[in-house]
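Engineer: One structure, pasted below without further comment.
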Amino acid sequence: MEKLTFLSLLLHFVVFIASTIPSSSFLLNDRTFERSNLPSTRAEKLIRELNLFPQQDLNVIDVADLPLTAAEGPGIVERKFVFPNILADGGPTVDDLGHHAGYYKLPKSRGASMFYFFFESRNKKDAPVVIWLTGGPGCSSELAVFYENGPFKITSNMSLAWNEYGWDQVSNLLYVDQPVGTGFSYTTDKSDIRHDETGVSNDLYDFLQAFFAEHPKLAKNDFYITGESYAGHYIPAFASRVHKGNKANEGVHINLKGFAIGNGLTDPALQYPAYPDYALEMGLITQKEHDRLEKIVPLCELSIKLCGTDGTTSCLASYLVCNSLFSGVMSHAGGVNYYDIRKKCVGSLCYDFSNMEKFLNLQSVRKSLGVGDIDFVSCSTSVYQAMLVDWMRNLEVGIPTLLEDGISLLVYAGEYDLICNWLGNSRWVNAMEWSGKTNFGAAKEVPFIVDGKEAGLLKTYEQLSFLKVRDAGHMVPMDQPKAALKMLKRWMENSLIEDATVTVAAQGGEELVAQM
């Protein structure tokens with residue numbers, strides 16, 4: 001039972017924060033709001049501007065408007081597709097590639113279907129299967145398809161050009177629109193919307209079972225889970241669900257070898273207090289501003305403790321309190337892009353993804369994909385709201401078991417991202433309790449080399465690796481596509497350090513030798 005007395009204290013604290021930190025004018029579209037309705041109003045306003053959230057509803061459609069590829073019963077309906085205007089400057093022809101799109105009707109739902117893309121590897125059919133999950137919660141994985149690591153990039157004239165550094169170069173690549181209501185995924189009943197990682201991970205596990213039943217040859221391949229941002233919640237829960245299914249001999253055995261989290265939110269208790277420290281280090285705030293924000297940290301930490309792993313109302317209160325740290329930084333940072341502090345935030349998303357939305361709403365594209373009349377939006381506010389109580393929960397708790405059972409974890413983070421910064425990610429990775437904690441903590445950072453140049457700083461011990469990526473923000477595959485592809489390839493080959501022995505000049509003229 002949640003401690004409502006302390007919850008009341010937390011909500012009064014949010015009122016105090018709103019009146020003392022000028023950041024409320026940054027995070028709120030309206031500069032004034034009714035404090036009597038603080039929790040719902042504040043939460044709704046925060047939703048709209050904190051993390052890639054246009055103000056559209058989730059895809060709840062009428063049965064008469066079901067997509068052409070909708071499954072009649074639980075299972076997958078998949079088709080090969082060809083995008084219009086895809087070949088720009090040579091490269092492989094569409095006939096050489098296996099591009100698939102489909103819907104999976106969720107068995108544990110009233111009328112929900114998840115949309116997915118599947119791109120066969122350009123080179124080796126026995127390459128690992130990699131699934132990518134975009135965060136949000138409620139943001140479509142098509143963001144990654146067209147702007148990060150998919151087979152092609154969308155150009156200014158709405159045509160597609162081949163992506164030289166698409167992850168389908170080294171893997172069979174899956175992108176799923178999830179949770180239900182995200183992107184082209186839809187439901188005919190609002191009761192299907194998910195509110196926690198249990199529902200999300202069960203849906204993804206059911207999808208994988210159906211996908212490998214549809215593609216039995218791929219079930220023999222190694223399998224990796226990847227993603228970024230709020231996928232720092234999805235990925236550990238999903239990996240644990242797959243591992244649990246394997247141990248219980250449920251359905252098709254999935255050869256889970258590892259999972260990778262890019263600029264994720266995984267352990268809020270260690271990541272939120274990093275906001276003032278990161279902002280000070282990067283020159284976004286002064287020491288005085290840092291010290292003022294530090295006074296909020298203890299109550300943020302206490303509110304997260306109240307939230308625990310299964311709280312509800314207390315987790316919403318924790319979200320409101322702890323985001324005062326983020327909003328406090330932003331009130332002094334001005335119009336900085338919190339996904340890449342080297343840039344200014346332009347538009348409601350800080351990035352311009354409008355060409356993708358226009359492209360995916362073209363009738364020719366819709367016909368190719370078989371998605372019917374579903375309106376595509378990059379991110380769903382309603383999905384975000386539904387998952388809000390999940391935000392402050394700690395998803396690190398299930399990771400040690402996976403590491404102990406030999407499943408690899410790579411955490412990577414672009415150095416210029418504020419919202420899921422490398423410092424907070426480094427802290428939870430180093431603090432995690434597992435048998436290799438001491439040795440990982442003692443491991444030296446070594447350069448991550450791409451084409452003879454340092455592309456990041458790498459720390460690794462046995463199954464656990466942490467990579468700070470140079471010259472990148474929140475979306476590493478977008479900012480550093482070549483380094484991101486090299487990272488994925490080497491990680492799957494268990495060779496993140498390129499050579500058997502790397503010698504680099506360390507501070508003070510000493511030499512640091514990194515052994516694989």
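Sequential numbering from 1, following the chain as shown.
Using N, Cα and C of the backbone, Cβ positions are placed for all residues, glycine too.
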Engineer: According to Swiss-Prot, which residue among Cys139, Cys300 is joined to Cys379 by a disulfide bond?
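Structural biologist: Of the listed candidates, Swiss-Prot names Cys139 as the partner.
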Engineer: Which recorded positions from the set Cys307, Cys420, His474 come within 10 angstroms of Ser229 (active site), judged by C-alpha positions?
Structural biologist: Cys420, His474
Engineer: To the nearest Å, how far is the Cα of Cys345 (disulfide bond) from the Cα of His474 (active site)?
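Structural biologist: Here the two Cα atoms lie 13 Å apart.
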Engineer: Do you know which of the disulfide-bonded residues Cys139, Cys307 has the most other C-beta atoms within 10 angstroms of its C-beta?
Structural biologist: Cys139
Engineer: Using C-alpha positions only, work out which of the recorded positions Cys139, Cys307, Cys322, Cys350, Cys420 is nearest to His474 (active site).
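Structural biologist: Checking each of Cys139, Cys307, Cys322, Cys350, Cys420 against His474 (active site), the shortest Cα distance is to Cys420.
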Engineer: Name the secondary structure element type, per DSSP in three states, that contains Cys345 (disulfide bond).
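Structural biologist: Looking at the DSSP assignment, Cys345 (disulfide bond) belongs to neither helix nor strand, so coil.
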